[in-house]
Amino acid sequence: MATQWVLVAHGLITLLVVVSFLCGQWPIFQGTFVERIHHFLTFGAYDYFLRFVALIFGSRGRDCFLTVEHYCCERPNPILQLGYLAIIGMTYFIIAKSSFRYIPGHYIGEVHRYFSVVAVGVGVVLFLLTSFSDPGTVTAENVSQYLAAYPYDNIIYAEKECSTCKITKPARSKHCSICDRCVARFDHHCGWMNNCIGEKNTRYFIAFLLWHILICLYGAIFLGLILAGQLKERKVIYILTVYYGIENSFSGLFPHVVQWFLGSYNTQILLTVFLVVVAMLLAGFFGYHVHLCLTNTTTNETFKWQDYISWKKKLNEAKASAVALKASTHAVNRDGKSPLSKWKVCCRRAPPQQSEEEVIKNNVYDQGVVSNIYEILVPLSERRSLSHLKSL
């Protein structure tokens, strides 16, 4: 039974780390150990690691590590692309090596030998499409096309020139410092793809995420059916109840069945847990990007709106403090009473409802769910209505 408790503890710790890393900044976790774990994972661990490298290898060793980090994280490189291919290739190889001998089985047929190859192949094709397709590079030749496709909202986007490319930056574009190019409808730079996610390949990226969620779920169900089939074929329930006198109930049989699985099929159990965890992580990322697509927003714009709203709220609070200070000054001039100190007046916050009414997210690019989805599937720059501008 010790093995089961080790696996349970491992699963709980893994879940805590994943939740802390992804959700540690949420307001609900402020001041909790989840927020502290998040800070350690995102900042503290890296700082301690650099100190450790400097302590063991000296400043030269630390500088060497930072050089490697700069190449891996801030310059185009295929490291994570090769990592993806290694992960999906090794996972499929281990599943085939350890589990294909059990098919056909009681609950699963021979067709899954071939269907699994097709499923992985489609995933790799989507990966290659996302990695090597043009995300929507803005050049001097097509900048007029993108300027017509994406008008400025004069809130988070205003007309200006890219200091690197020396061309007018269309609205919703961004110069990627890693790829060293301006990308239309820029979302983010994906290290796994070694490519930017922009106007023309967001559709492939969304399809890639969705398909890999389905692959992981398919693999977990595939392994689960194999285990259920082995449980049935080997008559484990019958043996436990008849020969060992175990009570024929879920609570009575469960620990013994789990112990039998871990002793005979531990590889399949570990693979199933791995696939479920990956599916959950991908599902969270997929859900976030689906929300962005439905509201016609990008990851880059999400941060821009956060900065704008934060700035606007601070501006409104400053204006409210100035009005309160002015009103206090008029009051003392009228009735001779001692006014509040300037410090207290300036620190006063504007009423929450006033800030909420004035600070709103006015996304002019949100044209409704159907139009937003259509814009992802058929980018604006590829439509016939703008094709005459390509030569300008």
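Cβ from N, Cα, C; glycine included.
Copied from TrEMBL, the annotated features are:
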- 6-28: transmembrane segment (TRANSMEM)
- 40-59: transmembrane segment (TRANSMEM)
- 79-100: transmembrane segment (TRANSMEM)
- 112-132: transmembrane segment (TRANSMEM)
- 158-306: domain 'Palmitoyltransferase DHHC' (DOMAIN)
- 204-229: transmembrane segment (TRANSMEM)
- 236-257: transmembrane segment (TRANSMEM)
- 269-288: transmembrane segment (TRANSMEM)
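Note on the domain 'Palmitoyltransferase DHHC' (158-306): DSSP counts are 91 helix, 14 strand, 44 coil.
For the domain 'Palmitoyltransferase DHHC' (158-306), the predicted model reports an average pLDDT of 91.
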